[in-house]
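One structure is given here, and the rest of the page talks about it.
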Ligand SMILES: O=C(CO)COP(=O)(O)O
Ligand SMILES: O=C[C@H](O)COP(=O)(O)O
Ligand SMILES: [Zn+2]
Ligand SMILES: [Zn+2]
């Protein structure tokens, strides 16, 4: 199957109350782990590349790795730019063959966000490429901006933004955040479902995106720390809240931190258990397997995207 846009995936996800996983990829083992899980589960998927991933792997390499993944497995795959900071980077990856881009103007004033997003939409739609935009601000570190506090998405602004830009999906802020430290240890994690419902009721059928949606499984944190790591106080979005979001208008759920934690825990354990080993395949292999298992769990128990091809 060639690369596809999220159109059909999201139409079905919306109707049937599941979400498509958007997994951040940086190297071959991550891509292979994700692909193996999606193949076993017969799940659609989005592979997303941040500017940092593009810099780390190189655009040509990441493009070719994804091309190999698509050739290797018979699955619908979207190749998406995560947090495109401006028109230029979106154009660059569209020209390189990505099927979807995110223009993240959430740090800009409303009118400037609209103008930049519109510019990307015009270029992308002309080439059949999907555009995700963002309105509202997640707390914590985003790729290019740090926000002390979140600014939840205003429903009126969301409607106006989508109408005026023509963007195909919208990332909103309802309480998630990037990274491994999403909630205080003693706080009960919450998402603003009322806001999500209001936005959804104003734009029926329109796909919503949730960033910062890793669950930070405590088993990975414990394993990291048991083998020399110092990941203290990490807490993610409970799976039940994500399932609820997926059953509503949320069609795309972004996961990066859980991949990092699963891999790092496996690598730490492997190196500790095998101190004489210096063959990278012997610790990257278990790391790849850990990514596969984590993604399979996510598809079955959080996203609900098994057998949705
Ligand atoms: O939103 C993300 C990528 O855009 C990833 O979020 P996490 O840090 O929760 O995995
Ligand atoms: O939202 C950000 C993603 O987790 C990507 O992170 P990165 O910029 O370190 O690649
Ligand atoms: Zn953002
Ligand atoms: Zn994000």
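Each Cβ is built from the backbone N, Cα and C atoms, and glycine gets one as well.
Some features that TrEMBL has for this protein:
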ACT_SITE  82  active site, proton donor
BINDING   83, 178, 211  Zn(2+) 1 binding site
BINDING   104, 134  Zn(2+) 2 binding site
BINDING   179, 212, 213, 214, 254, 255, 256, 257  dihydroxyacetone phosphate binding site
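Distribution of TrEMBL features across the structure.
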residue : record                                  : DSSP class
82      : active site, proton donor               : strand
104     : Zn(2+) 2 binding site                   : coil
179     : dihydroxyacetone phosphate binding site : coil
212     : dihydroxyacetone phosphate binding site : coil
254     : dihydroxyacetone phosphate binding site : strand
Just to be sure I understand the contacts, which binding-site residues have a Cβ under 6 angstroms from any atom of ligand 2? Candidates are 104, 134, 178, 212, 213, 256.
178, 256
Which binding-site residues from the set 104, 134, 178, 179, 212, 254 have a C-beta atom lying less than 6 Å away from ligand 3?
104, 134
On a simple 10 Å Cβ count over all chains shown, which one of the binding-site residues 213, 255 is most densely packed?
213
Can you tell me the CA-to-CA distance separating residue 254 (dihydroxyacetone phosphate binding site) and residue 211 (Zn(2+) 1 binding site), as a whole number of Å?
5
DSSP three-state assignment for residue 134 (Zn(2+) 2 binding site):
strand
Run through 82, 83, 104, 134, 211 for me and report the recorded positions whose CA is within 10 Å of the CA of residue 255 (dihydroxyacetone phosphate binding site), in sequence order.
211
Among 104, 134, 214, 257, which binding-site residues lie by ligand 1, judged by Cβ under 6 Å to any atom?
214, 257
Of all the binding-site residues given, namely 213, 214, 256, 257, which is spatially nearest to residue 134 (Zn(2+) 2 binding site) at the Cα level?
213
Under 8 Å Cβ-Cβ from residue 179 (dihydroxyacetone phosphate binding site), six or more apart in the same chain: what's there?
140, 141, 212, 257
What is the interatomic distance between the Cα atoms of residue 83 (Zn(2+) 1 binding site) and residue 104 (Zn(2+) 2 binding site), given in whole Å?
5
